[in-house]
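Listed features, source TrEMBL:
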{"type": "ACT_SITE", "residues": "A:Ser155", "note": "active site, nucleophile"}
{"type": "ACT_SITE", "residues": "A:Asp320", "note": "active site"}
{"type": "ACT_SITE", "residues": "A:His353", "note": "active site"}
{"type": "BINDING", "residues": "A:Arg225, A:Asp354", "note": "substrate binding site"}
{"type": "DOMAIN", "residues": "A:49-357", "note": "domain 'AB hydrolase-1'"}
{"type": "SITE", "residues": "A:Arg322", "note": "site 'Important for acyl-CoA specificity'"}
There are 2 protein chains.
Amino acid sequence: MSASPSALGDVTPQRMAFEQPLPLQSGAQLPAYELMYETYGTLNAERSNAVLVCHALNASHHAAGTHAGNPKSVGWWDNLIGPGKPLDTERFFVLCVNNPGSCFGSTGPMSLDPATGQPWGSRFPVVTVEDWVDAQARLLDRLGIERLAAVIGGSLGGMQALSWALRYPERVAHCAAIATAPSLSAQNIAFNEVARRAIITDPDFHGGDYYAHGVVPKQGLAVARMIGHITYLSDDAMAAKFGRALRNGALGYGFGVDFEIESYLRYQGDKFSGYFDANSYLLITRALDYFDPARATGGDLARGLAAAQARFLLVSFTTDWRFSPQRSREIVQALVTNRHAVTYAEVDAPQGHDAFLMDHPHYHGVVRAWFDRIAQELSK
Amino acid sequence: MSASPSALGDVTPQRMAFEQPLPLQSGAQLPAYELMYETYGTLNAERSNAVLVCHALNASHHAAGTHAGNPKSVGWWDNLIGPGKPLDTERFFVLCVNNPGSCFGSTGPMSLDPATGQPWGSRFPVVTVEDWVDAQARLLDRLGIERLAAVIGGSLGGMQALSWALRYPERVAHCAAIATAPSLSAQNIAFNEVARRAIITDPDFHGGDYYAHGVVPKQGLAVARMIGHITYLSDDAMAAKFGRALRNGALGYGFGVDFEIESYLRYQGDKFSGYFDANSYLLITRALDYFDPARATGGDLARGLAAAQARFLLVSFTTDWRFSPQRSREIVQALVTNRHAVTYAEVDAPQGHDAFLMDHPHYHGVVRAWFDRIAQELSK
């Protein structure tokens with residue numbers, strides 16, 4: 001009997017190698033590469049019940065379940081995915097792929113560049129949301145999955161879901177984009193840029209080739225993570241969780257930890273910089289900056305989304321100030337203009353952007369109902 | 001004839017030395033110190049028309065006018081202060097003092113510690129809003145000003161104005177607190193903490209004693225300033241000014257400057273780190289963190305403000321998300337609870353927190369009317 005705290009139990013990551021280079025939006029290409037992925041549930045005989053889950057900045061292919069022998073290794077969306085969960089693995093075959101450029105096993109800056117035998121480092125090509133979608137599509141080809149019952153993602157994962165509906169309209173029956181935006185605002189880009197400056201100006205960054213120096217730009221990456229973390233939480237959630245509470249009951253009259261919020265942020269920054277790769281952080285924030293399905297249509301989002309054929313679900317959270325409900329409404333409006341089918345839920349949740357990772361009854365109820373309908377359609 | 005672009009013309013900074021140590025909130029004291037200040041207008045025979053202007057994080061004693069030979073050296077609140085301006089120097093004697101701990105001529109971390117003959121650096125004591133107010137009060141003592149017609153400040157300056165009304169209630173007839181807050185929120189503190197981490201983890205910081213190494217932590221200070229700058233502008237103002245405009249018309253597929261907002265932030269960060277002292281940035285952000293007139297009353301702001309006797313003006317700006325209108329309303333509510341006289345204006349301005357530095361008709365009209373009434377009272 002499994003001691004896993006996940007309803008799904010232990011899961012096993014898989015690896016697939018691709019010899020054919022991946023052409024990138026930049027004009028460059030990624031030569032032979034590998035993708036890490038996980039699957040949950042069973043692909044039906046018709047191969048019609050596959051649901052692709054797309055991960056956000058900090059996450060990986062490990063979306064649900066646990067890894068054997070490590071009960072703490074619960075997947076990042078385990079509350080949503082599993083037997084009897086809103087995305088029910090007893091009905092759907094769920095896949096999640098670590099995107100190239102990330103740092104959890106798929107080819108990225110830490111991998112060896114076959115041309116040099118050295119880590120890619122600063123020479124790893126800039127990848128985009130579209131490139132990731134193309135890589136995911138090739139994986140599906142290899143698995144014999146022609147058409148997805150659904151693609152779903154939150155935040156940057158939501159952008160991948162939207163991109164799927166645009167690049168492969170005939171391969172996506174349903175598309176769920178949670179807590180996302182049609183593109184980053186100037187303020188979003190600004191936060192990314194400050195985070196990148198913190199990393200790049202860390203002397204241990206060595207122009208991105210720190211692996212050879214036996215160091216990592218920990219301090220810069222920690223600052224980057226602290227900045228990101230502030231934008232993931234709502235002002236109210238921070239006030240409720242930390243307020244002005246003092247760590248030691250009195251002011252220290254120095255620059256150590258006086259306030260609980262300082263302690264929390266330092267902890268988050270240090271923890272993150274211990275496992276995440278700085279080059280991956282640069283690449284993934286850049287992919288965020290670049291995503292803009294309205295770029296090719298002169299800023300006209302409706303025209304930019306015209307090619308989609310999927311039925312959509314959009315969910316936003318009232319206190320999310322990173323990707324506010326207004327940004328989801330822009331997508332909804334553009335889809336409605338195209339007479340695409342779209343369901344939209346604006347969920348009253350206090351947690352800010354992070355709400356998309358939470359087990360919230362209204363939010364999960366909406367996702368459950370949406371997948372229930374898809375399952376019913378499949379069984380017809 | 002002056003070529004000054006300021007209605008006030010050229011002004012001359014003054015310096016005053018204090019031999020008596022300044023007791024600080026921390027229990028430490030600042031030994032012999034100097035204060036830089038400027039005055040505009042003429043003190044009347046009754047010494048009753050003095051208005052103290054308090055500066056914010058990045059600013060100095062140079063609030064209005066220009067410095068001789070430098071037409072670009074316009075004071076930071078020149079649009080508000082001068083002959084015929086809302087704070088009319090033909091009626092009021094206006095003073096502005098560079099706070100100790102800052103870096104524009106008053107004693108601060110760059111100054112020589114008399115005990116060692118070396119720059120104070122990391123040994124400069126942590127100063128608070130209350131300490132600044134006490135230092136300003138001593139300067140007024142020396143100038144023979146017993147009572148202020150008014151004290152006024154924006155942002156951190158507004159906190160000093162509030163503190164004046166509490167520490168020296170009999171010395172303040174009127175108090176104007178613009179775009180301020182009764183204390184920092186957890187999110188406000190979080191941004192300060194990230195900025196401080198960027199500075200402190202810069203290897204050129206040398207624990208605060210970088211002067212001896214002939215370097216300054218420029219990169220960390222630039223990142224700190226970039227973070228601050230994001231919080232000074234509204235999301236809408238950034239969108240309107242920069243949007244997703246590309247610097248060179250196309251994506252660069254790298255980590256250079258692609259977007260105009262990146263260029264702007266880098267410029268602001270580099271400029272700031274060229275003239276501002278990193279230790280001062282630490283000290284002043286800490287003073288912001290610590291300000292909390294409700295601390296001694298268990299969080300009860302009304303009781304915390306009970307001692308005031310001044311008549312108040314509060315102004316907030318609709319798009320200010322650093323110190324939102326809600327924070328000003330908390331102050332207004334606490335003053336009303338005490339039956340203190342208070343005028344409150346919530347100004348519809350797009351610029352965010354920076355609006356308090358702008359020449360906005362509604363805002364300046366309110367300030368003008370408020371000072372007109374004070375002038376009328378003085379002439380009775």
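Backbone N, Cα and C atoms are what each Cβ position is placed from, and that goes for glycine too.
TrEMBL annotations: computationally assigned, not manually curated.
Quick caveat, the model's predicted, so the values are computed rather than measured.
Known features from TrEMBL, placed on the structure.
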residue  : record                                    : CB count, 10 Å
A:Ser155 : active site, nucleophile                  : 27
A:Arg225 : substrate binding site                    : 24
A:Asp320 : active site                               : 29
A:Arg322 : site 'Important for acyl-CoA specificity' : 24
A:His353 : active site                               : 25
A:Asp354 : substrate binding site                    : 21
Measuring Cα to Cα, how far is A:His353 (active site) from A:Arg322 (site 'Important for acyl-CoA specificity') in Å?
6
For A:Asp354 (substrate binding site), the three-state class that DSSP assigns:
helix
Restricting to the domain 'AB hydrolase-1' (A:49-357), what is the model's mean pLDDT?
97
What subset of the recorded positions A:Arg225, A:Asp320, A:Asp354 lies within 10 angstroms of the residue listed as 'active site, nucleophile', using C-alpha positions?
A:Asp354
